[in-house]
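Below is one structure, written out as structure tokens; the observations come after it.
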């Protein structure tokens with residue numbers, strides 16, 4: 001009755017209720033807990049582990065699987081893959097049922113996998129043949145996950161371009177890849193979309209483009225000869241990476257158009273892989289802007305087109321004609337073409353203003369006018385660097401990066417698609433040493449706490465977290481010498497899996513929680 005007498009007051013009350021409902025939906029709600037555990041996170045938060053087809057499956061001659069880019073790259077250039085290859089990898093193809101039981105043992109909710117393009121289309125295109133045995137393998141894998149109560153998250157492309165497309169037109173160097181990727185994505189969405197609702201089109205496009213076509217550290221190893229280590233290579237640093245990314249982004253947009261037609265109630269995104277940066281010298285006015293600039297080049301390069309429809313302005317300003325342009329139609333397809341931001345976070349470093357770039361030797365890193373420094377102006381390293389660590393450990397950077405994405409990109413939903421710690425054990429590698437991975441345990445503890453603070457204090461909308469990786473596996477140019485798994489794989493003894501200390505910690509964390517964390521905030 002009162003609302004009839006005071007319509008304006010009633011309208012204001014209604015708006016207040018609507019705003020409150022919206023806020024409740026958008027902002028994460030964290031339970032009050034006395035110890036860090038699964039219970040410290042919002043209801044429905046997903047915890048899982050991650051792998052990628054090429055890194056774990058093996059079975060390269062089964063199901064009529066065609067050769068992939070990394071197969072040929074490692075055969076032709078064994079020294080670029082630490083003398084290793086992924087012909088067998090960790091034999092996930094034959095052992096996935098056993099490995100799914102390891103996931104259950106961890107108490108995880110979800111599992112991130114990728115589909116090998118050439119296991120579906122051995123020659124890259126549907127018209128050249130479909131491997132029904134390959135199609136069936138992924139059906140059986142997905143069904144086994146679902147039977148065990150584990151939600152599948154599927155990556156359409158994790159760096160394994162069919163070699164036939166590389167040979168035919170240069171893979172992602174050609175715009176022909178756009179229609180071929182759309183066809184492949186259409187097929188897997190149609191085939192598996194009824195039971196898989198969470199998808200990633202591309203894994204780490206920055207790494208794929210920069211390391212593969214500018215730095216030459218990953219397949220196909222293209223770079224200019226002035227780049228250290230590239231004296232005998234083919235490629236054009238400072239150009240090809242931008243072309244590859246342009247084609248990749250257009251391929252993503254085409255795939256998402258199909259996805260939204262075919263997969264009802266699904267979500268799709270890209271898994272980005274930025275580091276966090278701290279200014280090299282806080283007193284230098286040139287260093288502070290380097291953080292946002294390098295993040296525009298590293299993260300915004302592929303994220304901003306999927307939100308706004310175009311590249312970051314700073315990239316257009318600094319690169320000029322070397323940065324391809326989207327057409328109006330391409331911009332329209334790219335804009336708002338993700339439902340969440342996928343984030344892979346491992347480490348942080350310092351950013352320093354690069355005052356004297358060499359215009360005769362363009363490269364992605366030089367283009368951003370930023371140099372990366374392991375120590376700041378006071379000669380202090382970032383975070384900590386355990387003796388066998390592959391990368392510096394800096395959990396503060398994780399929280400800062402999450403807050404940065406929230407603030408810059410309008411508070412999107414974020415899924416942590418990879419977070420993990422690499423061990424290079426060298427001559428000390430053994431089952432006993434490898435399973436006593438206390439540094440990985442501490443890494444996970446610190447990063448889970450940092451993520452919890454980002455969610456509960458900074459109100460970042462993180463909804464899932466995947467540890468990289470379930471198993472030690474083939475780590476690209478490092479071969480099997482860099483171990484990231486929660487389970488140790490004995491490469492000398494039948495690929496036997498052994499539970500590591502980090503797996504025990506994660507299992508307890510996801511079960512009933514762990515003892516109250518003794519970590520202090522300044523230790524992060």
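Residue numbering: from 1, along the chain as shown.
A Cβ is built for glycine as well, from the same backbone N, Cα and C atoms used for every other residue.
Record check: Swiss-Prot places 55, 158, 203, 204, 418, 468, 475, 476, 484 at the beta-D-glucoside site, and the matching candidate among 311, 321, 346 is 346. In Swiss-Prot, the motif 'Prevents secretion from ER' annotation falls on 521-524 of the listed ranges 517-520, 521-524.
Taking CA atoms as the reference points, residue 230 (disulfide bond) and residue 204 (active site, proton donor) are 23 Å apart.
When the disulfide-bonded residues 223, 230 are compared by the number of other CB atoms within 10 angstroms of each CB, 230 has the fewest.
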